[in-house]
Amino acid sequence: MAKPKKSQSPAPDPPAAAQLPWRPPAPPLATALLISFAALLVRALVSVGPYSGQGTAPKFGDYEAQRHWMELTLHLPSSDWYRNTSANDLAYWGLDYPPLSAYQSWIHARLINASLPDAVALRSSRGFESHESKLLMRWTVLSSDLMVFFPAALWFVWTYMKDGAGGGRERRDGWMWLLAMVLINPCLVLIDHGHFQYNCISLGLTLGAIAGVLSRNELVAAALFSLAINHKQMSMYFAPAFFGHLLGKCMKRKYPIVEIMKLGFVVLGTFAIVWWPYLQSYEAAIQVISRLAPFERGIYEDYVANFWCSTSVLIKWKRLFAIKPLKLMSLSATIMAFLPSFIQQVKSPSNLGFLYSLLNSSFSFYLFSYQVHEKSILLPLLPASLLALHEPHLYGWFTYYALFSMYPLICRDQLLLQYIAVLGLFFLIYYSPGASYGKEVKISSRTKAVLSLPLLCSILLHIVYLQIEPPKRYPFLFDALIMFICFSQFVILSLYTNYKQWMLDFQPRPVVGRKKDL
C-alpha cells in the first residue's frame, strides 16, 4: 500500500540551520543551554550601565519607582499599598500595577532587606542609590528573567517545533535561530536590564500561556495568561487573541459550553486568588482598580509612535476633547482595529493564526488604546519574535523600528553604547550565514526604494538627534520626526499582518496525523 504523501505546509522561509557558523556540534539540550547562557550574559553586561533616572532627583525614574514599591510592600499592610496615607504618598511613584506585581515587589524587598536594609527602609530610603543597591536590584531582574521568561521561551520553541504552527524539516532545523531571536530581543533587554523594569515576568507568563495553547494545555494557558494580566494590566493587549482563539476552538468541540466553563472557572479562580486581600470590601477593590487606570494622565505620554500622539500635530486631542469622549473614541478605535483578527480566529482557529492574532491584537492596542507608553511596543514585539521563522523580514524590520521608537528614551538614560552593542549583536545573529531572514524572497526595486527612504531617514536622525540642537521654538522636533517615521512603519506592518492572518483561510491546512489545532 502506498504511503500517503505528506502535505506541504506554507511555513517558514527558514534557515538551513546546519550552516550556522555558531552552531555547536552538541545535543539539542546543550545547545539550548548555551544560547540561554549567551542571552543571560548579554543581559548582565547591559545591566552594568546606568538606569532610568540615575542621580536625577527629586523623582528619579523607573528604577526608583520599583525600589519604592519594594519599600512600601515590605513595611505597609497590603490594605495600604494602593491607598494614599501619611506613609504612602501616591503622588510619589504610587503603585499602579495589579496585585501580582505588588507581591513580586514584596518578595524582592525581603531579599534586599536581608542584605541591605537601608535600601528599602520606610521613608528614609527615598532616592537611595549605591553601588551595592544597584547590584542587588539588577540581580532581581536577572533572576526574574531567568526563572520566568527563559523557561517560557524554551517551552515555546520546543512546542513550536514539535507540533506548533505549520511543519517542515526547515522549521525544525531553525529552532536555534528562533530561540536566539526570542531571547536576544534588543528592546526587552535594554528596557528591563538597562532602563530598569520587570517586563520579563508578564511577557514570560504570556509566552508560557502561548506555549500552553500550542501544546493543547488550554487550562494551564488560561491560568498563566490570567497571572500575566495580574502582573501588568498591559497584558490585556493580548486578551482578544486569547479569547477569540480559545472560543473558536471550544465551539468546534463536542461539548462547547463545558469547555468554555472550564476555562472560565480557571480564569476566575486565578483572579480570585491574586485579588483575595482586596475582595474583602468593595472600597478596597475599587481603590486598586482606580490605580490601574490613570485616565487623568492623558491619552498619551511623551512622543509615543501611536495614532493619537502622531495625529496630535494636526488635531489637538487633549485640547479639543475631555477625558470621557477621548476614552470612548479610544475604546471604539481599538475594538475596530482588533475585530477582524478576532473574528478570523473565532471562525477558523489555528496555531499560526493565533500567533498572527496576538500580533494584530497587541498592535491595535498600541496604536489606538488610551495611555500608551513608548515601552508598550514590547508587547507586539513578543508575538513578532515568535513568528520570526514565518516572517523573518517583518521581524527584523519591526525590531529595528521598535528600538528606534525608544531612541530618545535610551539617550535620556545614557544607554547609547548598550543600544549600539545590542542592536549590532541582534543583526549579527539575524544575518548570520544560513539564518532565516528569507534570502529567496524577491523584492522589486521600487519596493526597495520605498522601504529604503524611512531607513535612511532613521539613520540620519540617529546622528542628528545627538549632534544638532533643535530650534528653540520646536524643542522636540527630532522626537516628533522619530515618532512619525516609526508610526508610519507600524501602520504598514499592522495592515500587512492583518492581511496575512485573513489569507490563512485560503491556504490548505497541513495534515500530520492528528488535529493539532483543535
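Glycine residues also receive a Cβ, built from the backbone N, Cα and C atoms like all the rest.
Caution: TrEMBL annotation is automatic and unverified by curators.
Looking up the ranges 22-43, 220-241, 352-373 in TrEMBL, the one annotated as transmembrane segment turns out to be 352-373. Below 8 A, the CB atoms of the transmembrane segment (416-437) and the transmembrane segment (174-191) form 3+ pairs separated by six or more positions in the chain.
Within its own chain, the transmembrane segment (260-278) is flanked in space by residues 78-79, 98-100, 103, 218-219, 222-223, 226-227, 230, 246-247, 250, 284-285, 287-288, which lie at least six positions past its ends and keep a Cβ under 8 Å from the stretch. Counting same-chain residues at least six beyond the ends of the transmembrane segment (328-346), those with a Cβ under 8 angstroms from any Cβ of the stretch are 240-241, 243-245, 247-248, 251, 299, 307-308, 321, 353-354, 356-357, 360-361, 363-365, 367-370, 494, 498, 501-502, 504-505. A contact between the transmembrane segment (474-496) and the transmembrane segment (352-373) is present, since 3 or more of their C-beta pairs, 6 or more residues apart, lie under 8 Å. With respect to Cβ pairs under 8 Å, the transmembrane segment (174-191) is most closely packed against 135-158, considering the stretches 135-158, 198-215, 352-373, 449-468. Here the transmembrane segment (449-468) has long-range neighbours at 397, 400-401, 404, 407-408, 411, 416, 443, 478, 481-482, 485, 488-489, meaning same-chain residues at least 6 beyond its ends whose C-beta is under 8 angstroms from one of its own.
Taking Cβ pairs closer than 8 Å, the transmembrane segment (352-373) reaches residues 165-166, 210, 213-214, 234, 236-242, 244-245, 293-295, 297-302, 304, 306-309, 326-327, 330-331, 333-334, 337-338, 340-342, 344-345, 379-380, 382-384, 386-387, 390, 490-491, 493-494, 497-498, 500-501, 504 in its own chain, all 6 or more past its ends.
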